[in-house]
Ligand code: AMP
Ligand code: ZN
């Protein structure tokens, strides 16, 4: 096993998804986003999908039992055995401890961003429903408005990227997710980067930091 195992931490809208996509491309690792996995479950027309849809719409977290099991299964797949970039997980101490039992060797990358910047970023965010590429109407727009550069799909706004739900997600982040920063800091595994500058600048800093 290599230790090309990365977890990406930071508030919603801090650039986690975009930077995770960059690192996974550069290092040829699988990008595993629990948010994307849950959104694909929502897309399946099943009772479980409807249950998950309600949770996502509320801005709360899916239960640890479900989430941990899903991550354990995904990390056991062949493409993840030699490394991965995990984005959106862990989201609380329970999940962080569980991940430690699965893969103790990892690097945690934290993108710091203020609440005001989060709201601004998320309200302009658009995503491709086909390839999950992330855009921003002002900061990283597609070449043609509303259309994915890579596959021509019509871009969508996530149902949880609206003002009220953004506030709830931020609250969840401050109450539960922020605590795990300390957890990784104590383990000496935390790299902190300022997520405020434009995305390409943050990517450049990240590459220098990781030596990639
Ligand atoms: P994200 O795309 O990472 O912002 O995740 C979107 C939503 O999926 C979150 O607001 C949660 O409802 C759910 N979710 C994603 N990852 C997790 C996780 N690790 N634990 C619990 N819920 C999660
Ligand atoms: Zn696309």
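Heads up, the Cβ atoms here are built off N, Cα and C, so glycines get one too.
Residues annotated as ATP binding site in TrEMBL: 13, 14, 15, 16, 17, 18, 125, 134, 135, 197. Cβ neighbour count for residue 15 (ATP binding site): 27 (other Cβ atoms within 10 Å of its Cβ, all protein chains included).
For 33-62, the entry in TrEMBL reads region 'NMP'. For the region 'NMP' (33-62), the list of distant contacts is 17, 20, 70-71, 74, 86-89, 91-92, 132, 158-160, 165-169, 171-172, 176: same-chain residues at least six beyond its ends, Cβ to Cβ under 8 Å.
In sequence order, 39, 125, 127 are the residues near residue 158 (AMP binding site), counting only same-chain partners six or more apart with C-beta under 8 A. For the recorded site, residue 158 (AMP binding site), the DSSP three-state label reads coil. Residues or ranges marked as AMP binding site in TrEMBL: 34, 39, 60, 61, 62, 88, 89, 90, 91, 95, 158, 169.
Predicted-model confidence for the region 'LID' (124-161) is 95, expressed as mean pLDDT. What TrEMBL records for 124-161 is region 'LID'.
Tertiary neighbourhood of the domain 'Adenylate kinase active site lid' (125-160): same-chain residues 13, 17-18, 21, 33, 36, 39, 56-57, 59, 166, 169, 198-199, selected by CB-CB distance under 8 Å and a gap of 6+ residues from either end. The domain 'Adenylate kinase active site lid' annotation in TrEMBL covers 125-160.
Taken residue by residue with DSSP, residue 128 (Zn(2+) binding site) is part of neither helix nor strand, so it is coil. According to TrEMBL, the Zn(2+) binding site annotation covers 128, 131, 148, 151.
In the three-state DSSP assignment, the secondary structure recorded for residue 34 (AMP binding site) is helix. With a CB cut-off of under 6 A applied against ligand 1, the binding-site residues 34, 125, 131, 148, 158 are reduced to 34. Local packing around the binding-site residues 62, 131 was summarised as the count of other Cβ atoms within 10 Å of each Cβ; on this measure the leading residue is 62. With a cut-off of under 6 Å between the Cβ and any atom of ligand 2, the binding-site residues 34, 62, 91, 148, 158 reduce to 148. Counting other Cβ atoms within 10 Å of each Cβ, the lowest count among the binding-site residues 34, 60 belongs to 60.
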